[in-house]
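Worksheet: the structure to be examined is printed underneath.
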């Protein structure tokens, strides 16, 4: 059945009915969700519709399923170039060129990427940013190709043409509400999704693309793939999955305020804001026609985090973390000293008791504390 739909989708593509082709490929993928070729071909149909963000997502999925498919790299590179994601495009094209060294289409586009990257470097003055300690999980868009290489479709060469970059809305209605706010160096995006297991959340960061996928078995997958207002530094971005939300922190490539979260070709270019390092400044919030009390919303989110109830070790760690956060200096010293010296078996808040002596380990009943020599 999936093969029949694939055949009809190819016929629709040849007839220049790209919307029908996308629909037929989507139906085929519902029946065969691990077919890399279907994702790669739907990516090409998306490129024809100028739906470049969706094309990048499909090509990336095809690469994950089959790292040896050269045309998937070509289509990812093509779509990224349309989105002016030249660094990401170059990386994909170089990986594809390694699979088919004799295909000069890759060489041509890599050269064009180098030219565009050089132009951007000349146009944009360097921005000095303060170092930031990054904690949490970092996601990047990457893949490792193997040696085999199917032939790419000749229709790919027609995809690189001069066209206007435009933002494309996700066709499905969002299942979760989201909000964001600005700081000088980052944008914090919150997706209010309750009770989602961490292993069912996937976040990919590109130069100016964000891809969020929530795929819970038995439920319709949630996709949020905006082209961002400005460029980010993927390796410094991170996300955290909590019981009430998904918090995504986007590290800005330039210290400029974002007028919106998503890119718009009608936006005015913002001016850089030179903020002294010693000045403490509240985050700036996006403008909106509707009156939203952003301070109240921020307080509500912080309250939810504080009242968040966790089970097991996570709940116990949160309990001790809250004690440490609200404690005075002596209490913090007592907690740190007792925990370290006892090898994690004692946690005291009384500095007078533990400050003048070494804290001995106290194992739980029925257990024995041993010192291991390495």
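Each residue, glycine too, has its Cβ placed from N, Cα and C.
The region 'Disordered' annotation in TrEMBL falls on one of the ranges 228-248, 249-269, 270-290, namely 270-290. TrEMBL assigns the feature region 'Disordered' to residues 140-168, out of the candidate ranges 140-168, 169-197, 198-226. For the repeat 'TPR' (2-35), the model's pLDDT averages out at 91.
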